[in-house]
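One structure is given below, encoded as structure tokens.
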Amino acid sequence: MTQSTTSHYYVESPSSRALVVGAIGVVFGDIGTSPLYSLKECFSPEHGIPFSPDAVLGIISMLFWAFVIVVSLKYVMFVMRADNNGEGGILALMALALRTAAPRSRMAKLIMMFGIFGACMFYGDAVITPAISVLSAVEGLEIAAPGLSHFVIPITLLILALLFFIQRSGTHVVGKLFGPIMVVWFLALGALGLIHLVQAPGIVKAINPVYAVSFLHDHSLQAFIVLGSVFLVLTGAEALYADMGHFGAKPIRTAWFVLVMPCLILNYFGQGAMLLGNPDAIENPFYLMVPSALQLPMVLLATAATVIASQAVISGAFSLTSQAIQLGFMPRMRIRYTSAAEIGQIYMPVINWILLVLVICVVLAFKKSDNLAAAYGIAVTTTMVITTFLAALVMRNVWKWNPALVTLISLTFLVVDMSFFAANLLKIAEGGWFPLLMGGSAFFLLMTWHSGRKLLRARSLEDGIPLEPFIAGLLAHPPHRVEGTAVFLTGNTESVPVSLLHNLKHNRVLHERVVFLQFVTRDIPYVDDDERLSCKDLGGGVYILKSEYGFKETPDVQRVLDLAQRKLGMQFELMETSFFIARESVIPSKLPGMSMWRESLFAWMHQNGAKPSDFFSIPANRVVELGTKVEI
């Protein structure tokens with residue numbers, strides 16, 4: 001996606017092969033590192049499943065059919081069809097589903113809350129994924145070099161700290177290696193699995209779903225608990241849809257069916273084959289399937305793969321936060337672009353350091369990947385259930401599919417999703433509470449901000465003066481006009497900006513050209529430059545300039561002025577242009593709205609958000625900020 005008109009990930013259109021390799025490096029890092037801990041966790045003593053060949057076959061069968069139903073059918077075949085101008089992810093899906101509901105209706109509010117809650121659950125995932133991935137990789141030292149086992153946590157913390165510290169410089173240089181490294185990783189997974197599969201080919205019987213059904217029937221409650229661990233193989237599946245805008249659906253589908261899925265299935269079947277012949281290997285089936293001489297190199301390769309998986313999640317957190325800001329669910333924050341070639345490469349200091357602190361706390365609190373596995377999954381299952389609901393709305397109301405077909409497809413996926421969700425709920429006390437707490441806290445903050453902004457707009461409209469009649473009266477009896485251009489940033493072009501009223505009150509002048517600039521976020525990810533600007537001439541050198549942006553773009557005032565010059569013929573000399581911004585101080589009150597403590601929280605968030613001049617990239621020496629107090 002170029003910064004101007006397209007939604008492609010790279011400025012120059014890369015080849016299909018490059019897109020496939022790039023997708024392997026970014027999209028499949030999380031799901032690709034699950035073999036490090038998933039099968040081991042399925043046989044955790046806490047589940048009470050006695051080890052037996054039938055149990056191995058049953059669990060491997062469940063893993064196989066989880067890949068087929070959830071990833072291959074649900075995400076690859078159905079959900080990835082629901083693109084919003086090429087973009088995927090739960091916020092893009094929410095925007096699509098919202099088009100099917102009447103504005104401000106109860107259904108629209110419900111869709112919005114579901115979508116935002118699903119997105120918020122990603123923040124819990126963004127903390128746990130780096131912790132469990134890197135920790136499980138470094139734990140390979142306990143097998144490869146037992147003498148270094150007491151250094152597992154310090155090494156993990158060092159790697160994670162370095163990963164977060166390099167975010168400010170961007171990862172676009174080393175990022176070119178992500179794809180090739182992950183290709184090597186998946187080939188290694190497949191090769192290791194194939195070696196053991198050849199030695200015990202009987203494990204192939206697990207393809208028969210009868211083994212999964214028999215396991216569930218024979219072990220009832222224990223098998224249901226194991227479902228929560230089986231789900232670990234699917235963590236990261238949602239990335240196939242979320243990263244669709246970066247690489248396109250076809251390269252992601254190709255990577256999944258040609259390399260990723262075959263190699264993952266080979267590895268899990270290989271681990272199962274090894275366990276049939278050596279039950280003691282359940283201590284760490286992944287590393288024990290590696291020949292002794294290659295265990296240390298495999299630890300290094302696994303660590304590289306988990307760092308790549310963690311990087312994808314961190315970048316996802318930055319991207320999600322940026323989208324939430326544009327959609328009006330978060331206060332403005334500093335966003336830095338770390339690559340001139342890829343608009344998706346952004347860095348958000350506040351989010352970066354919060355994640356680092358939380359990841360370190362999680363590693364120190366849980367200490368082992370086994371313990372973290374209990375906390376993993378609940379956030380992803382929640383998002384998957386919500387995705388199924390939203391996709392059903394899109395299938396029925398946007399694509400106009402037959403209601404019976406939509407019901408059949410949705411119920412099939414919902415039964416699977418809810419089974420995994422219910423199984424993960426059993427792990428709340430063991431650590432599942434953490435991602436729920438993270439996601440719930442984020443949801444509360446986002447909804448508080450959204451509600452506070454609505455109150456703020458309502459108060460402004462109540463006290464506002466209609467803009468066009470005011471300008472007509474002002475031009476009929478004009479104050480002293482001074483040279484230059486005044487740009488007034490406003491969120492509502494129906495009312496007179498407070499900054500203009502204060503300027504007239506205190507300075508008693510009006511610039512020879514006045515521009516009211518409004519940024520509007522649309523429900524699509526990107527807006528073409530040809531459709532971005534609209535201008536209304538109010539006469540007397542006064543204009544309303546509206547600039548539309550997608551929810552994955554960041555407004556830039558200088559770029560808008562350049563575009564206005566090219567598209568509309570409006571000349572702007574930056575050093576002769578002053579930008580007037582109203583800096584609102586929010587005062588909590590007993591007026592109808594939110595509770596006082598939530599209003600106080602909103603006021604604090606509003607006060608600590610990034611300055612509009614920083615967020616909109618306005619030169620600091622051209623900004624005039626005028627303060628005003630608003631009671632909500």
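Easy rule for this one: first residue shown is 1, then count along the chain.
Positions of Cβ are set from backbone N, Cα and C atoms, glycine also.
Now, the feature entries from Swiss-Prot:
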{"type": "TRANSMEM", "residues": "19-39", "note": "transmembrane segment"}
{"type": "TRANSMEM", "residues": "59-79", "note": "transmembrane segment"}
{"type": "TRANSMEM", "residues": "110-130", "note": "transmembrane segment"}
{"type": "TRANSMEM", "residues": "146-166", "note": "transmembrane segment"}
{"type": "TRANSMEM", "residues": "178-198", "note": "transmembrane segment"}
{"type": "TRANSMEM", "residues": "221-241", "note": "transmembrane segment"}
{"type": "TRANSMEM", "residues": "256-276", "note": "transmembrane segment"}
{"type": "TRANSMEM", "residues": "298-318", "note": "transmembrane segment"}
{"type": "TRANSMEM", "residues": "346-366", "note": "transmembrane segment"}
{"type": "TRANSMEM", "residues": "375-395", "note": "transmembrane segment"}
{"type": "TRANSMEM", "residues": "403-423", "note": "transmembrane segment"}
{"type": "TRANSMEM", "residues": "428-448", "note": "transmembrane segment"}
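Below 8 A, the CB atoms of the transmembrane segment (19-39) and the transmembrane segment (178-198) form 3+ pairs separated by six or more positions in the chain. Across the candidate stretches 59-79, 110-130, 178-198, 346-366, the maximum count of CB pairs under 8 A to the transmembrane segment (403-423) is reached by 59-79. Counting Cβ pairs under 8 Å to the transmembrane segment (346-366), the stretch among 110-130, 146-166, 375-395 with the most such contacts is 146-166. Residues 31, 38-39, 42-43, 88, 93, 203, 206-212, 215-216, 226-227, 230-231, 233-234, 237-238, 240-241, 252-253, 256-257, 261, 264-265, 268-269, 272, 384, 387-388, 391, 395, 409, 412-413, 416-417 of the same chain lie 6+ residues outside the transmembrane segment (59-79) yet bring a C-beta within less than 8 angstroms of a C-beta in it. Counting residues 6+ beyond its ends, the transmembrane segment (178-198) has Cβ neighbours under 8 Å at 21-26, 28-29, 32, 35, 204, 259-260, 262-271, 273-274, 289-290, 298, 301-302, 304-305, 308, 311 in the same chain.
As a quick check, the transmembrane segment (428-448) and the transmembrane segment (256-276) miss the bar of 3 or more Cβ pairs under 8 A, pairs 6 or more apart, so the two do not touch.
Sequence-distant contacts of the transmembrane segment (221-241) (same chain, six or more residues past either end, CB-CB distance under 8 Å): 26-32, 34-35, 37-38, 41-42, 44, 47-49, 58-59, 62-63, 66-67, 70-71, 75-76, 79-80, 88-90, 93, 125, 129, 215, 252, 256, 264, 268, 309, 312, 316, 373, 376-377, 380-381, 383-384, 387, 419-420, 422-424, 426-427. Remote same-chain partners of the transmembrane segment (298-318), defined as residues 6 or more beyond its termini with a Cβ less than 8 Å from a stretch Cβ, comprise 25-27, 29-30, 32-33, 36, 122-123, 125-126, 129-130, 133-134, 136-138, 140-141, 144, 159-160, 163-164, 167, 171, 175, 178, 181-182, 184-185, 188, 236, 239, 242-243, 287, 290, 344-348, 351-352, 355.
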